[in-house]
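Novice: Before I ask anything, let me first share the structure, which is written out below as structure tokens.
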Amino acid sequence: MTEPASLTPPTLDDLGWDAFFADQLGPEDEGLARGRVSAVHRTRVALLTPSGPLALALPPRLGTGDFAVGDWVLAEPGTGVLRRRLGRRSVLQRRTEGAATLQPAAANIDTLFVVTSCNADFNPARLERYLALANQGDAHPVLLLTKADLADDPARYRREAEALQSGLAVVAVNGRERAAALEALAPWCGPGRTVALVGSSGVGKSTLVNVLAGADAAQQETGDVRESDAKGRHTTTARSLHRMAAGGWVIDTPGMRTLHVSDAAEGIERLFSDITDLAPLCRFRDCTHAHEPGCAVRAAVADGTLDPERLVRWRKLVDENDQNTPAAPRPGSSPAGRGRRR
Ligand SMILES: Nc1nc2c(ncn2[C@@H]2O[C@H](COP(=O)(O)OP(=O)(O)OP(=O)(O)O)[C@@H](O)[C@H]2O)c(=O)[nH]1
Ligand SMILES: [Zn+2]
């Protein structure tokens, strides 16, 4: 009799180990356990390794906040004592209220599924924030449209979604139709691949995680558990890595709903490449595309090739990002001189 897949420890390849991580090893790392962070709790970090689960033993000075689900670490076999965390290929991070530094939420993700339903939840400005986050963290975004079955004109949502970022893959998916959903998402979910889901409450993320990860996700938090909370709050703060039926891994990412962009200038630039690609054609090199003569961006709005609302949203997001991103100290500027009036 063969063991159920969920009881067989994954191989390194299964876990997503590849040359990017192998290249970070030196001779001194010989014999260390290579583990992938499967859950980050307030006081502990859980690993998956080819020899089974392992609890990471952290030195006293290190909090669990330095780790993200999906991270790769080297630890002493047996004791689980941390040696070091490996460099990340991608990371989703955000600044939480009052925090000075960015908090990593998930690491080494290949694909970020940005989930929205085809109804009032569909909000370009919010979706653009998620896309900027994915771009900035080097995770490839894919937009998932749920509840197309309930929409009068699902094609309209698809058109609007495709216009959010050049080349963006948009997939209509209904988690209540298991086989079709698995097939639609298969390109991103195979062995060694890691996906994460973001989107607002009620769009169908839990339903999709359950479809993708089946029994593995059911052991953890489910929509049922959360619904039992009368105030609609999450009953857990942990994020975790679930093995998908297709061989890859899915990270559910609670706590990434209210999204304030910061430190995401490059992600925003990629998102709005239709605007940023035009900027070099403006007469002034530092054109703000607001009032300057010879502005190629406003010309594109005038001739109908650029949606004026998109320009408004771009400006808002850039401003928000500037406000939330602590300015790097400029050479030669003293703190006292910075805010001075002339
Ligand atoms: N008709 C239809 N219903 C859907 C679809 N996707 C999800 N639902 C339903 O929408 C409701 C919300 O789905 P959830 O998976 O709990 O949504 P969620 O995004 O996880 O929400 P939170 O748990 O609050 O984060 C459930 O009743 C699902 O059955 C879809 O494509 N079509
Ligand atoms: Zn301009």
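Counting starts with 1 at the first residue shown.
Using N, Cα and C of the backbone, Cβ positions are placed for all residues, glycine too.
Below are the features I grabbed from TrEMBL:
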BINDING   Cys282, Cys287, His289, Cys295  Zn(2+) binding site
COMPBIAS  326-342  compositional bias 'Low complexity'
DOMAIN    99-259  domain 'CP-type G'
DOMAIN    107-257  domain 'EngC GTPase'
REGION    318-342  region 'Disordered'
Novice: Check the DSSP secondary structure of Cys287 (Zn(2+) binding site), expressed as helix, strand or coil.
Specialist: coil
Novice: Neighbours of the Zn(2+) site Cys282, Cys287, His289, Cys295: Cβ within 8 Å of the Cβ centroid, same chain, sequence order.
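Specialist: The answer, listed by sequence position, is Leu278, Ala279, Arg283, Phe284, Thr288, Ala290, Glu292, Gly294, Ala296, Val297, Arg298.
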Novice: Over the domain 'EngC GTPase' (107-257), what does the predicted model average in pLDDT?
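Specialist: Summing pLDDT over the domain 'EngC GTPase' (107-257) and dividing by its length gives 85.
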Novice: Taking the Cβ of Cys282 (Zn(2+) binding site) as the centre, count every other Cβ atom within 10 Å, in any protein chain shown.
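Specialist: Excluding its own Cβ, the number within 10 Å is 19.
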Novice: Validating a neighbour-count step here. Other CB atoms within 10 A of the CB of Cys287 (Zn(2+) binding site): how many?
Specialist: 20
Novice: Which ones in the same chain are close to Cys295 (Zn(2+) binding site), with CB under 8 Å and 6+ residues apart in sequence?
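Specialist: Long-range Cβ contacts: Cys282, Arg283, Cys287, His289.
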